[in-house]
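Remarks on the structure that follows.
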Amino acid sequence: MQKSSTCSFMYGELTDKKTIEKVRQTFDNYESNCFEVLLYKKNRTPVWFYMQIAPIRNEHEKVVLFLCTFKDITLFKQPIEDDSTKGWTKFARLTRALTNSRSVLQQLTPMNKTEVVHKHSRLAEVLQLGSDILPQYKQEAPKTPPHIILHYCAFKTTWDWVILILTFYTAIMVPYNVSFKTKQNNIAWLVLDSVVDVIFLVDIVLNFHTTFVGPGGEVISDPKLIRMNYLKTWFVIDLLSCLPYDIINAFENVDEGISSLFSSLKVVRLLRLGRVARKLDHYLEYGAAVLVLLVCVFGLVAHWLACIWYSIGDYEVIDEVTNTIQIDSWLYQLALSIGTPYRYNTSAGIWEGGPSKDSLYVSSLYFTMTSLTTIGFGNIAPTTDVEKMFSVAMMMVGSLLYATIFGNVTTIFQQMYANTNRYHEMLNNVRDFLKLYQVPKGLSERVMDYIVSTWSMSKGIDTEKVLSICPKDMRADICVHLNRKVFNEHPAFRLASDGCLRALAVEFQTIHCAPGDLIYHAGESVDALCFVVSGSLEVIQDDEVVAILGKGDVFGDIFWKETTLAHACANVRALTYCDLHIIKREALLKVLDFYTAFANSFSRNLTLTCNLRKRGWLSRANAL
């Protein structure tokens, strides 16, 4: 419109002066705010608008533009009165207006598709547990009620990590405590698990006050919608996982059957691992993270199976009907082998003795590990039918788990060393080529040195291939960044517009030179302008070194002033490893022809250190 986005040209005599001042301050202070403002049409008809202002920031945290949204709320301020509504009360007319204009209600819903803007480091990105990936460009954080927590804030991220750690603790300790019945007489474990239960209970309260991402990608901050969403999803599981089962089992007068039931219900806490899997989903792009995760999964499965294996043995070692010991049980055989046999207490009428719980757990874990890894030494072996059936099932699970984990490990290591393998393959091909065509030793050494040094600089990354993936606008931005040293150091580019710099940047090429490489031979055509970014070069004319070029120097030809293509009057050779940014003659002339204002400035301000067209030398030579 080429007019102010405050719409000051639509202000009238009844437009609130305080609102006008607040709008001005919002723009001046780069804030996000919303107002109800009265504006006027061309025919002086007043219209009420709900105005939202949101500053848009770039990756440098600078406000580059404002997003202004206007929603017509005239119906809320002044209900329409027609023939059919004459005689109606104001409330009735308002009700009819709202019923006929549901779209207005939808428009009045605050646009919360905004998230916090922050320049997060790589570590912050790894630690972020939110399920959504934050884009680079964001509006300011949405204004939420005081008691509502943003799901991506620092506090919620830290809290999620605490819950994640406690969930893994639960996944380890719950099966162990259920199988080995270690809680009834251990006050320390009872207190620790009670603290964990309290933290899980606090997590439920926080989830009732935490925003979430809606189906359309918007941040939902309405307390009622948050409560309904949580009640429909994870509330029941979270509630069952934080009930104080251990405190109930700690009482002496609790019936054994009820105690066993509550002990079994503690396994419900393992359902929390579903939330962990969802939060860890975006870690799968990191090879090392996948490797650690697979090892943890393997150990966790072995731990669970060890608890089940002990429970089977503990159930079958003593026949409760006849009150006799089963000598073929693996627990009985283990007790004999380590010198802690079971013995019968005639006075109490019960069996006592046997291995300690620590020895039982270690032996169970040892058996499951050997079975899962398909080793199976046989010193602990199933003997009863139930033990054999469980062992068969464990072997089936183990074979699948073993193949999955170690298959992924092989893939991960192949990906980790893919570039190294490609590098060695390329070196072998070059060596075979040099040997096949009997390239002289000196030239062969130069070729190998160039390949090794170029690879060390570029890490085997094909810049052109990467840039070809990006869209045109993004490719231009990347090229401007890659050539920033040339644009910042040379005064010839200071008056160039952004469009001109982007057009030049995409035409620049970066080359890496090893010591001894000839950039130009005497007599060949000078078809490029070269900017030295790093390293040193020498200019040789008639077997005499006439100049040394270094960082910031420019050599080539002033072909934008000449009509013919020049012949190089000297050799230009690299003395050290050099980085040169070059632009071809045709590409430069094309840009200069289009940007005529920049062409005059460029021609006036660019000074060649070495003009290879002229034999006499030159603008600014470092003569020896």
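Glycine residues also receive a Cβ, built from the backbone N, Cα and C atoms like all the rest.
Pulled from TrEMBL, these are the features on record:
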type	residues	note
DOMAIN	33-85	domain 'PAC'
TRANSMEM	161-180	transmembrane segment
TRANSMEM	186-206	transmembrane segment
TRANSMEM	288-312	transmembrane segment
TRANSMEM	360-380	transmembrane segment
TRANSMEM	392-413	transmembrane segment
DOMAIN	492-592	domain 'Cyclic nucleotide-binding'
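Within the chain carrying the transmembrane segment (392-413), a Cβ under 8 angstroms from the stretch's Cβ atoms is held by residues 287, 290-291, 294-295, 297-298, 301, 305, 309, 368, 371-374, all 6 or more beyond its ends. Long-range neighbours of the transmembrane segment (288-312) within the same chain, counting only residues 6 or more positions beyond its ends whose Cβ lies under 8 Å from a Cβ of the stretch, are 171-172, 175-176, 178-180, 280, 360-361, 364-365, 367-369, 372, 386-387, 390, 394, 397, 401, 404-405, 408-409, 412. Counting residues of the domain 'Cyclic nucleotide-binding' (492-592) by DSSP class, helix then strand then coil, yields 18 helix, 42 strand, 41 coil.
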